[in-house]
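Enquirer: Taken from Swiss-Prot, the feature active site, charge relay system covers Ser194, Asp343, His376. The disulfide bond feature in Swiss-Prot is assigned to Cys110-Cys281, Cys359-Cys404; the stated evidence is similarity to another entry. Residues or ranges marked as N-linked glycosylation site by Swiss-Prot: Asn229, Asn291, Asn417. Swiss-Prot lists 1-14 with the feature signal peptide, giving sequence analysis as the kind of evidence.
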Amino acid sequence: MLFLLFLLITPIYAGLIFLTKPSNDPFYNPPKGFEKAAVGDILQSRETPKSITGRFAPLEIQNSWQLLVRSEDSFGNPNAIVTTVIQPFNADPSKVASYQVFEDSAKGDCAPSYALQFGSDLSTLATQAETFLLAPLLEQGYYVVSPDYEGPKSTFTIGKQSGQAVLNSIRAALKSGKITNIKDDAKVVMWGYSGGSLASGWAAALQPSYAPELGGNLLGAALGGFVTNITATAQAADGTVFAGIVANALGGVANEYPEFKSILQSDTDKKSVFDEFDSHCLADGVIDYINTSFLTGDNKIFKTGWDILKSSTIAKIVKDNGLVYQKQLVPKIPIFVYHGSIDQIVPIVNVKKTYQNWCEGGISSLEFAEDGTNGHLTETVVGAPAALTWIIDRFNGKQTVSGCQHDKRLSNFQYPNISSSILKYFKVALDTMMSNGLGSDIQKDKITPDDLRKFLLGGW
């Protein structure tokens, strides 16, 4: 009942709460001379202006901060990103989970640092819903760090920008002890699903060369709905109910590569199309572009269609930002991949190719949990307890698989030793609805098995 009441009043109440958007917030602007700072340095910090919450899951936590962090774009040009640090009750300062949300937008005002706060636009609904994945991490007593990995230009799908931002966010978190109490030798696990897996995967692959000093901190990365080929995802989504992802991706690439934008603009009669591509978050983008064909069919917006990939400029951009093509980049940390066999948005074939590349490259530990009955959307939920099990095992010092291991199950709910994590996952979701505090060993309203049963069966 509390949850239903929350759903009813939140849109009204949130409309009365003024939360400055990143485009109008001076905090997002780096100070003069920031270029001289080292990547990962904290340029400025503050407590989050509003509480961390999802429209469906208000988070009762100890504290939260925003750090403005020195980073750089795909070409090595200095920039600054904001990362959000969330502290649960009774937090363990030696354990940090870097969670990369699936922002999937080319619009700066959709950034996680904004979307995760109370009072953010309804258009950021997808990010707000991801608090269900953040909450179980907080419940374990882990600090959660969530970076605006797309950077100030909102470069959705761009690999180096995203991966470097994740690593620089972690660097900053480990330097933030005087602000957050996180230890500089804290252990860190990365996690991301879909668009968040793109950023997390690139971070894992770049870490040995870009941030070798983090090798002693990083325990591994969990990658779900793993995006390794942005073209394959665009081809799968174009002309479908998920065509908005294509629009947002085109906008994100154009934000990093002006030449990409010029080539596509010359291939359409709709010259203002790119003005629209960077004006949506994920949720409203999907709604506004349902069944739109950008590069497919007779009524496509871009005349050349998929033959546009024959342009050497376009082909290079696509290859540079597809992790599946980067055989030379092999993670040195343990990796857990979970993916649905029938994923219709992120085809599993490219995940298998990346798995093969990394195995042939000598990766020390790569576990691939293939779910035989779930697609992209359902695996978000079904695969989460498996990822949580794997993450908890990493922090508890349990042994990872040696070498490469690919297991296909009917469902990832059948992942080994997952039962307690399934209970934790859904119990914490219920905790958030009841506004119970999140953290290790804290007093809460008692949740009975009957409460959990009602929640799972939709009886609330």
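Each Cβ is built from the backbone N, Cα and C atoms, and glycine gets one as well.
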Enquirer: Determine, to the nearest whole angstrom, how far the Cα atom of Cys110 (disulfide bond) is from the Cα atom of Asn291 (N-linked glycosylation site).
Expert: 23
Enquirer: If I take the alpha carbons of His376 (active site, charge relay system) and Cys281 (disulfide bond), what is the distance between them in whole Å?
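Expert: Counting only the Cα atoms, the answer is 19 Å.
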Enquirer: List only the single closest residue to Cys281 (disulfide bond), chosen from the recorded positions Ser194, Asn229, Asn291, Cys359 by CA-CA distance.
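Expert: Nearest by Cα distance to Cys281 (disulfide bond): Ser194.
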Enquirer: Cα distance, Cys359 (disulfide bond) to Ser194 (active site, charge relay system), nearest Å?
Expert: 22
Enquirer: So among Asn291, Asp343, Asn417, all listed as recorded positions, which is physically nearest to Cys359 (disulfide bond)? Use the C-alpha atoms.
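Expert: Closest by Cα distance to Cys359 (disulfide bond) among the recorded positions Asn291, Asp343, Asn417: Asp343.
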Enquirer: From the recorded positions Asp343, Cys404, Asn417, pick the residue whose C-alpha lies nearest to the C-alpha of Asn229 (N-linked glycosylation site).
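Expert: Result: the closest of the recorded positions to Asn229 (N-linked glycosylation site) is Asp343.
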Enquirer: Just name the winner among Cys110, Cys281, Cys359, Cys404 (the disulfide-bonded residues) by count of other CB atoms within 10 A of its CB.
Expert: Cys110
Enquirer: Using all protein chains in view, find how many other C-beta atoms are within 10 Å of the C-beta of Asp343 (active site, charge relay system).
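Expert: Step by step: centre on the Cβ of Asp343 (active site, charge relay system), count other Cβ atoms within 10 Å, giving 23.
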Enquirer: Distance between Asn417 (N-linked glycosylation site) and Asp343 (active site, charge relay system) at the Cα atoms, whole Å?
Expert: 25
Enquirer: CB neighbours of Asn229 (N-linked glycosylation site) within 10 A?
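Expert: 24, counting other Cβ atoms within 10 Å of Asn229 (N-linked glycosylation site).
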Enquirer: Give me the Cα-Cα distance between Asn291 (N-linked glycosylation site) and Asp343 (active site, charge relay system), rounded to a whole Å.
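Expert: Cα-Cα, rounded: 18 Å.
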Enquirer: For each of the recorded positions (Ser194, Asn291), count the other CB atoms lying within 10 A of its CB, then report the residue with the highest count.
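Expert: Compared across Ser194, Asn291, the most Cβ atoms within 10 Å surround Ser194.
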Enquirer: Out of His376, Asn417, which of these recorded positions shows the lowest number of other CB atoms within 10 Å of its CB?
Expert: Asn417
